[in-house]
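Enquirer: Handing you a structure now.
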Amino acid sequence: MKVPFVNFMISSFPAAVLVGAVVGFMIGRKYSVADASRGYSSKNANKASNPEKESPVSVSNDEDSESETELLDMLKGNSSLAALALAEGQTKMVLVVRTDLGMTKGKIAAQCAHAALACYKIASAVDPDLVRIWENAGQAKITLQAQTEETLELLQAQAMSLGLCARVIHDAGRTQIASGSATVLGIGPGPVSVINEVTGSLKLF
């Protein structure tokens, strides 16, 4: 009885080896495919979370080669006062005080406040971008002096010809001076270079 059993085992051994090999191959292939799938998904997830790592881009600095002088010349010829002020980075408002009236310091302060407010309201309506640039730059205000009413009127006309806001304040005449007297000229806000074309020769007050 033992001999047939031995013969059976011997004859069945090659088949068992073959079956084991096939099963092992299929199991190994299954885990290989699963690992590959997980690796591919992880790679895609990394690409999605870090898109900049996939294709780095180099930026050229050739566009920065244009000189500031050329830019300013272009703006002066073709652009608004706001664009010029933004390019220069300097803006101001000037208050030209008439000195021949003998106004007190308090009176002068009040008249300068009237001029500054008047210019601010007009400029805000006409060129709000320019006003915002001036505000963001610190709202510079400079007080200058002139001797006569005629000088104030001349400066006003010159400023307006350059596109600047210019307003002469006339006093109501309730306190120190005659009614209707021109007291202060406000100019701006505007680019420093443009305002200096009008008031560059005046002395500080």
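Cβ coordinates come from backbone N, Cα and C, glycine included.
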Enquirer: Do you know which of Ser58, Ser65 is annotated phosphoserine by Swiss-Prot?
Expert: Ser65
Enquirer: Which candidate in Ser79, Ser124, Ser181 appears in Swiss-Prot with the annotation phosphoserine?
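Expert: Looking at Swiss-Prot, the phosphoserine feature maps to Ser79.
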